[in-house]
Amino acid sequence: MNENETRSKDELSFRENMQNATGNVLSSFDKKRNLIGFWILGLCNNFAYVIMLSAAHDILKEQEKGAEVHHNETTTTEPVDEHYMQCNEISTGAILLADILPTLIIKLTAPFYIHHISYRVRVAIVVLFNLSSFLLVGFSVGIWMSILGVVCASICGGLGEVTYMSLSAFFDRNVISTYSSGTGGAGVFGALSYAGLTSAGLSPRNTLFVMTIIPVTMAISYFGILKKPDNMYTKTVTDGTSDDTTALLDDSKEVSTKIDLSLKDRLRLLRPLLKYMIPLILVYFAEYFINQGLMEILYFNNISWSISEQYRWYQVDYQLGVFISRSSVNFFEVKRLWVLPIIQFINLGILLTQVFYRYIPNIAIIFVIIFFEGLLGGAAFVNTFYQISKEIRAEYREYSLGAATIADSFGISVAGAVSIPSHNHICSLHLKVM
């Protein structure tokens, strides 16, 4: 019997064991429930992050208003020459660190201990941190409390993404598409709902209290909507003796089963994941260098919108691109992941040179580029995890999907570290603006 025949029999045996473990095959209705449930989980997991950061900014401004008034009364303001670039220096302050570091630390360490915590407990922790972020910023009486709210949102986002990506291994792989779509929708719907409620007359604080419905919805989605398979609770033990990393890759379509991996297995599994993670890191680096370092200074003086209005619409444009592409994997699948960072760095190059030379004459062209930037970022995210779900062997899929989530946060963190001094340096050059 040749190797291929042996492998086919092993895969058939694995599928039969899986059917015995999971019981009846899910009905069409239950599959739809799971797709909807994962979409809601993605939406709620990122919604707190989007809403709470905007509100934290508003409340911080409110808390510092008195100091600002005093400063304005005791100092004179120099006239601004609109022919030269106007921008605010981006500080390496506590808000940025509170936003990035908790998520990065969780995603970096969680794959090595998170398997000891049940999914029920993990989701409960995510829900509590989600709720805490809204309440802490809503009841904030000082900068420290607002920053603590940002930390809670960051923990919620990081732990939630590791948890839900790992959880997806036990379901049809299309839940990755709907989860990713939900995370993209959080950017669009989160920004619009916050802006809509505050524009309607609600204060930022009261808007946050209204948004406590989000963690409740997350809990309902996991505990009430998802039809969870029995194999989530049935463990298989591996002795960690295999050293063949190529054996970790497999194009079979069965769902995952619960498996205990040794520390040696977990470390060995990281190497074959690099081909998925490195393109995602590079895409997110270029994407967030644009977002954090360039977007604020890509404005035009020769239109009716203010600088802040242009920036807000750039953000909506970007989030719309992310939402569309994160929802697209079932219609347009990208298998050559390395192409995406190449194109994203071209976008970065175009927008960086635009800051210096102002050769693009119309803001509409910038909108197209930023929309395309969002499309590439969303496509990189959803296709990376979709490819992992297809190509990594089922028994290693849960761990692999969770471990790979470090890639986007790592890219964002490095982009933040590089873009802040770059932005400040560009601001100091006093470049001319159209």
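Glycine is treated like the rest: Cβ placed from N, Cα and C.
All annotation found in TrEMBL is predicted automatically rather than curated by experts.
Fair warning: this is a prediction, and the values are worked out from it, not measured in the lab.
Checking TrEMBL for transmembrane segment across the ranges 147-171, 272-296 points to 147-171. Cross-referencing 183-202, 243-262, 303-322 with TrEMBL places the feature transmembrane segment at 183-202.
Ranked by number of Cβ pairs under 8 Å to the transmembrane segment (337-357), the listed stretches 36-56, 94-114, 121-141, 183-202, 364-386 are led by 364-386.
Counting C-beta pairs under 8 angstroms (sequence separation of 6 or more), the transmembrane segment (121-141) reaches the transmembrane segment (208-226) with 3 or more such pairs. Beyond the ends of the transmembrane segment (208-226), by six or more residues, the same chain brings 33-34, 36-38, 40-41, 44-45, 47-48, 51-52, 55, 120, 123-124, 126-128, 130-131, 134-135, 137-138, 193-194, 197, 202 to within a C-beta distance below 8 angstroms of the stretch.
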